[in-house]
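Structure first, commentary second.
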Amino acid sequence: MRRHRPAQGLTLLLPVVLWIFCHVSGVHGALPTTQKCDEALASPLPHTAFTSSSVFSSGYAPGYAKLNRRGGAGGWSPLDSDHYQWLQVDLGSRKQVSAIATQGRYSSSDWTTQYRLLYSDTGRNWKPYHQDGNIWAFSGNSNSESAVRHELQQGIVARFLRLIPLEWSEEGRIGLRIEVYGCSYWADIINFDGQGVISYRFKVKKMKIIKDVIALRFKTSESEGVILHGEGQQGDYITLELRKAKLLLQINLGSNQYGSILGHTSVTTGSLLDDNHWHSVVIERYRRNVNFTLDRHTQHFRTNGEFDHLDLDYELSFGGMPYSGKPVGIGRKNFKGCMESINYNGDNITDLARRKKLDTSSFRNLSFTCAETHTFPVFFNATSFLQLPGRANHNTVSVGFQFRTWNPHGLLLFSNLDDGTLEISLEDGKVAVHINVTKAAKSYRVDLSSGSGLNDGQWHAIRLVAKENFAMLTIDGEEVSAVRSVSPLSITTGGTYHLGGYFLQTLFPPTQRSFQGCMQAVLVDDQPADLHAVEKGTVGAFENVSLDMCAIIDRCMPNHCEHGGRCKQTWDSFSCTCDGTGYTGATCHTSIYEPSCEAYKHLGKSSDAYWIDPDGSGPLGPFKVNCNMTEDKVWTTVMNNLPPKTIVTGSSRNRRTVLQVNYSASMDQVTAITTSAEYCEQQIAYSCRMSRLLNTPDGTPYTWWVGRGNEKHFYWGGSGPGIQKCACGIDRNCTDPKYDCNCDADVKQWREDSGLLVYQEHLPVSQVVVGDTNRSGSEAKLTVGPLRCQGDNNYWNAASFTTPSSYLHFATFHGETSADISFYFKTSAAYGVFLENLGNTDFIRLELKSPKVVSFSFDVGNGPVELIVHSATSLNDDQWHRVMAERNVKEAVLQLDQTYRTSRLAPAQGHTRLELFSQLYVGKPASLTCQDSAAGGQRGFLGCIRALRMNGITLDLEERAKVTPGVKPGCQGHCNSFGMYCRNGGKCVERYNGYLCDCTATAYDGPFCTRDVGGFFEAGTLVKYNFLPEAIAGASKDTKVLTHQLTPHEVNLTKEEVAFSFSTSSAPAVLMYVSSKTQDYLAVVLRQNGSLQVRYNLGGLREPFTIDVDQRNLANGQPHSINMSRHDRRITIQLDHYPAVSYNLPEASDTQFNLVKTLFLGKVYETGHIDPVIIERYNTPGFIGCLSRVEFNGIAPLKSALRTAVKSQATPTEKQPAAASPASYQGKLVESNCGASPLTIPPMSAATDPWHLDKTDAVFPFNEERVIPDGVNRDSAIIGGIIAVVIFTILCTLVFLIRYMFRHKGTYHTNEAKASGESAAESADTAIIGTDNPETIDESKKEWFI
């Protein structure tokens, strides 16, 4: 056992922490604060304080069971060593218990190896000690002399303790000596009778409270009741109450009358709180931050709305709601039970009530002692039963009881009648009654069913009455639940009833055999069952039943299902349903989405809309973004809902208009993108007519924008922080040089100030505040573009470990109940430890154990566990491999490269918390302190680790590596792992933070060289490419790159590789023609009938060698592809997806293509020799259609011509001679991939693609950029544009009509001053400084939007 580490609370400001510390001293009554709570409590007690279930003999009496004492027989031993024995200690009064120690019986073979601990205030209604979500079993002794001590993680307050031996010495019997450690405990107690309410009156009539600490302890057997309540006339309130045995906190710091600010906040915690045991509650609030703690489990949350103060009137009431005449309290029951140590902001309410300083007039009889209930619960497991006697040979059955369980099925009661059977069972959460009677050769059967969802852990009451021709079943005393039967029936009771199980043979066996749960308030024949007599053995019988105890556990509280996963439970376990959450795993911990667009690109994904989860298993949920994978960058785009050129009118410096900019993701999600991005930008534009932007006489701008952190910014797009200028002011080209913005000239003509905002710390734009559009003729239009970010620093954050002793260290990893670790590694070493973190005995480690084995090992207190995955190939191949490990309370998982996976279920009982204290070591074991000292033969890691993420947080390996010897930031060699994504001859180029595909020497573009580059040819258009080096003398460096394959000695060819695709509806045409300085040529043409022909003339033949590739008409407007190669005489041609066909040049033909000169596409225009057949038959009027991905011996002539044209248009002032580029064109050539060949391989199906997005999903009500194919029909786009203009005109007319009808705008009402004197960034509204009545788009939607 280990000491419990207190849960970490929400970090508040230092003064607030000190204030809370000063006011919480009385929270737990008179707990010791200056000395350690570790006194021996059992040793000073008299013998009479010890009792037991039985005694072996007088020398073995329980009074001798004191640690290290040798009196009597040296300890306690029961008469029988079985599971029904117990040893009990009465501490005399309630004590704080912190530890327990056990010993065997002195000098014997008798000891206890495992036991449970029960505790109680009264010696009845026992509660088992819980730890790690289970009824805890303590490990005991292995001999008779050594003492074993356990610290209690959950300190308890009790008067009575009971130890239940579970296992004992195999050589002897049960033997025990014990000691209990702790200290005194005292607290004021108030008994609430369900009528009385304590009123705590404030010193002033109205309280405006910014911080609260409320603490109390309560116990009750009721499932409903108001514990405290306070309210104000402005609508603020705070209520703490029990609902269905759960604790509900409702708080409202203020709402406005228009409903745009809703302050109501409701949080539920706990379960099964009607167990009549003490529970502690602490509520700490500072402004909107709240810590809500129940029994040491803390929930942190922020209240809804925008207000910080809790405005209460007159009083705060405890135990119920005071009568106020308001309907809000109607139907709520007052609290019935006991409370102690009630503290409110430093005032001890219970002490004030005892001293009659508070109003307690509503109590009939105020008592300061806790009135105990007289319930006697019985706990059943799967092998239990309780047998009770009843009246025999009677004609009426009348039974009743209460039960609670999590299981949907179970046997509640069974009785053998004199001539049949009676069964009450739980079937699918409903109560079912089956009565079978056989009398005088007649069979009677009655089936009743009532209720639903009765396996919810709550107490439910059953009442059954059956007699002559009548049976009635009632659930929870509700008349609406009663079901009756008037079927023929005759009953004679048998006199014995079995509850919770029946394992004997009978003629009509029950449909269920056992029950797991609790029962109480058992009635047999309308008489309460005497369970005390059953316990003493004088009445009835039982087996494997725990009496006077209900050991039910809510395994869904606290809820281990993360990220909104739904928890379902049975008596023994729980499971999580993760559907629709975006997460997976046993506890919905692991995100199913990648963290960024960068990650999707390196999985080979192309531009599209994707879900991303930047913090993985962290608190941020997944959201949808547009990913644009360009050749060298990956852009992430987040859209907003502000329409372009939003019209703004009627604003002034005294009454500014606030335009809210909402995004398709929360501000925290967008911040996660900007924080990890390499670069971000956002376009902002202000079109104006007599509307000034920044310049004002007193220096305060008319208009500003609010960014991340709710901070105001006075600079505009194209400028920078601290510079109150627009882009034209920076470039000194404003229309009026006296001003720094075009709009500041205040002219009647339309002007615009626009530019990019690029300071990442300020983005995105959340509000724009406009203040100069109220004058006659004044008008403005605002545009805020989408947020665009490039790169992901987290994805490429890497470190290289160069020596076996090198390592990086970080703060202790906190993954107590749920931990996930993921990273990439590459190495050439055979083994090495990736990371390790140690605790006292706990640890967690990931390592490469051998070239093909990765290991994940840990210990949470139940002994070491190791998961191993074996790879089919070696992992020390210097390529990137991905490791993902997860450990939670349900299971542990290890996954390698999304291919190899292994898992291990957690034990049903045992420790669940991973408690570490050392630093986290990355790159070597935590126990390895120098190069030549290895613990257990472990070695440090040699290689690279990248994108190390632990519980959603990326560790900054690069920053730490910069100051660590033996470790270098970054890691080269990405092309070894990702080079395969560069297709079609693209070359992988290394970058510091990744790679890119160089498509320069290919006929393709795009991030992976997969996008065809093509052009649309009109009649007469031709592309010309010169091969001879002298024709391009003086060419640029880029041009030489294109032609480096054709050096002077290579102009005589013996092989050609040709590939292109085309589409056309016209024939004849020249597709490709390659000329030479001799009469040699190569031509690919379409004949008059649309069939494809290849013509070779290499000399030696009277006529050119012709190949009719296909007799079909290929001028059918469909894309077709051709791949052709020649090596010496052998020619291979593949058309479309048909099999390749081979041809051979005649023996008389030459095989050398001499002095290759020029390549033509679309038409031939040659000054040298040319085959007259080409000119006469195919060259007029020229090719009309599309050509794509044209390649000839590694040259991309069409792409080269298009790129040359783009460069010349981009730099029109730099005139270059025609010879500067080998490629040129004549006529009109428009880039288009309309001639691209169709896919011959079907795309991945949606069922097998984990990143597929269903386009019908309803996601966010915002505009989203879509990736538009290049081949969109331009006519459709023009028609769509015309329609859009018409619709826009109609909408504008409607907007102005609505504006005229609703001239009186709604104002923004609050119930309190907004953070005066507080931080300017406390809320969004505080950033709008200098506006008394800010007019917002959200508050007046009917004015701006339809």
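Using N, Cα and C of the backbone, Cβ positions are placed for all residues, glycine too.
Between C971 and the candidates C944, C988, C997, TrEMBL annotates a single disulfide bond, the one to C944.
Within the same chain, residues 130, 133-135, 269-272, 297, 379, 404-407, 457, 516-518, 611, 613, 617, 621-622, 817-818, 820, 886, 888-891, 893, 908 sit at least 6 positions outside the domain 'EGF-like' (552-589) and bring their C-beta atoms closer than 8 Å to a C-beta of that stretch. In this chain, the domain 'Laminin G' (1030-1234) does not touch the domain 'F5/8 type C' (33-183); fewer than three CB pairs sit within less than 8 A of each other, excluding pairs fewer than 6 residues apart. Per-residue confidence over the domain 'Laminin G' (797-971) averages out at a pLDDT of 88.
Annotation for C971 (disulfide bond): same-chain Cβ neighbours under 8 Å, separated by at least 6 residues, are A798, A799, S800, K826, C944, R946. All protein chains shown were included, and the count of other CB atoms within 10 Å of the CB of C944 (disulfide bond) stands at 22. Counting residues per DSSP class in helix, strand and coil order gives 5 helix, 20 strand, 28 coil for the domain 'Fibrinogen C-terminal' (588-640).
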